[in-house]
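Written below as structure tokens is the structure these notes are about.
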Amino acid sequence: MVCKHFGSCGSCALYNQNYTQQLQLKEQRVSELLSPFYTGELELFDSPDSRYRARAEFRIWHESERCDYAMGNIEKKGAVTIEECPKVIEPIEKRMWKLLEKINASQEVLKQRLFAVEFLATTTDECLVTMLYHRKLDEAWSEEAKMLERELNCRVMGRSRKQKVILSDEFVTETLEIDGKEFTYVQYESGFTQPNPAVNVKMIEWAIWQAKKVGYGDFLESYCGLGNFTLPLSHYFDNVLATEISKRSIHAALQNCELNAVENITFARLASEEMTEALNGVREFSRLKGIDLKSYDFSTVLVDPPRAGLDEGTIELISNIDNIIYISCNPETLARDLETLIKTHTVMEAALFDQFPHTEHVESGVFLQKK
């Protein structure tokens, strides 16, 4: 990927290395962190070099009468205006510059106190644009935004403090082919989604390969989000219990279950710590009413925690389950958690998923089996 803003825009910190070099550095970093626990081959899953990101946020920089997109400066001092962003997927690219033209052509209605624009797009050319303001949005804004929807063939939302204006919908619908099957996902504007669709598919398929090695019992998932892993993996287990703290994500997960005609998943709105308390019989939760936890016989658990990794209670809980699929967005906390998990389990497989090319961020996964 080549970008005229390499060296000034802070979005791509590894701009001075080609993609192969970047991947080698990430492989070295993850391999070193995992070396006390795993001596096998680290499987690498690369990304497209450009046009890979389906979610993006840009600041709006006001200069005289004009607005421009801006990103944080690479030196973390101020911002730099941008004229291109080759990492966003085509459904964003083809709309973002037309949108900027419309904003600048507007008689203040669209540009007044606009401070950021967010894009959420799909590989099937759907796109949701969220415009963020430091002012209350009125009917005049709604009318111009409706014109944007028609002209850009996308969905437009407006947000300001304690205000959300939905003109048509607040979601997009993605369809991905995973392990030879099509899966449809409703993705909401404020919900978490994996930003790199191509690598996301590889990541889910890797988890499926591990699940196929088990081939029995029930499946437990923590941090399930909108069902990204849950739906495809549900085909390889008898019953599934998936937990997530976000109301919006649980709502999306239930919709996605229905869209994909999956009937063996039960979703529960619980934090990871609460899931541990419930399964250990420490606390009862009204949110689990009608769910017989004792009826499950979990053979496999998948965890995909935030950067902080797993809490001690969750580690203790999953250490009692035969097979663990651990997806991590922070290899340092993954290594920390493995120090405990290898007391009961052996790391059988490890993988690196390059969700974030041109940055130092890296996603990884390990598959563990009970000793």
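Please read every residue number as a count from 1 along the shown chain.
Glycine residues also receive a Cβ, built from the backbone N, Cα and C atoms like all the rest.
Annotated in Swiss-Prot:
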type	residues	note
ACT_SITE	C329	active site, nucleophile
ACT_SITE	E363	active site, proton acceptor
BINDING	Q194, Y223, N228, E244, D304	S-adenosyl-L-methionine binding site
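Structural mapping of features recorded in Swiss-Prot.
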residue : record                               : DSSP (3 states)
Q194    : S-adenosyl-L-methionine binding site : coil
Y223    : S-adenosyl-L-methionine binding site : coil
N228    : S-adenosyl-L-methionine binding site : coil
E244    : S-adenosyl-L-methionine binding site : strand
D304    : S-adenosyl-L-methionine binding site : coil
C329    : active site, nucleophile             : coil
E363    : active site, proton acceptor         : strand
Which has the fewest other CB atoms in a 10 Å radius around its CB: E244, D304, E363, the listed recorded positions?
D304
Do you know offhand how many angstrom separate D304 (S-adenosyl-L-methionine binding site) and C329 (active site, nucleophile) by C-alpha?
8
Are there binding-site residues among Y223, N228, E244 that sit within 10 Å of E363 (active site, proton acceptor), Cα to Cα? If so, list them; otherwise say none.
none
Between Y223 (S-adenosyl-L-methionine binding site) and the residue listed as 'active site, nucleophile', find the distance joining the two CA atoms and give it rounded to the nearest Å.
13
Here are the recorded positions: Y223, N228, C329. Which has the lowest count of other Cβ atoms within 10 Å?
C329
Work out how many Å separate C329 (active site, nucleophile) and Q194 (S-adenosyl-L-methionine binding site) at their Cα atoms, rounded off.
11
Determine which residues of the same chain, besides Q194, Y223, N228, E244, D304, have their CB within 8 A of the center of the CB atoms at the recorded S-adenosyl-L-methionine site, and list them by sequence.
F192, C224, G225, L226, F229, S249, I327
What is the total of other Cβ atoms whose distance to the Cβ of Q194 (S-adenosyl-L-methionine binding site) is within 10 Å?
24
Site extent for S-adenosyl-L-methionine, whole Å (max Cα pair distance, Q194, Y223, N228, E244, D304):
15
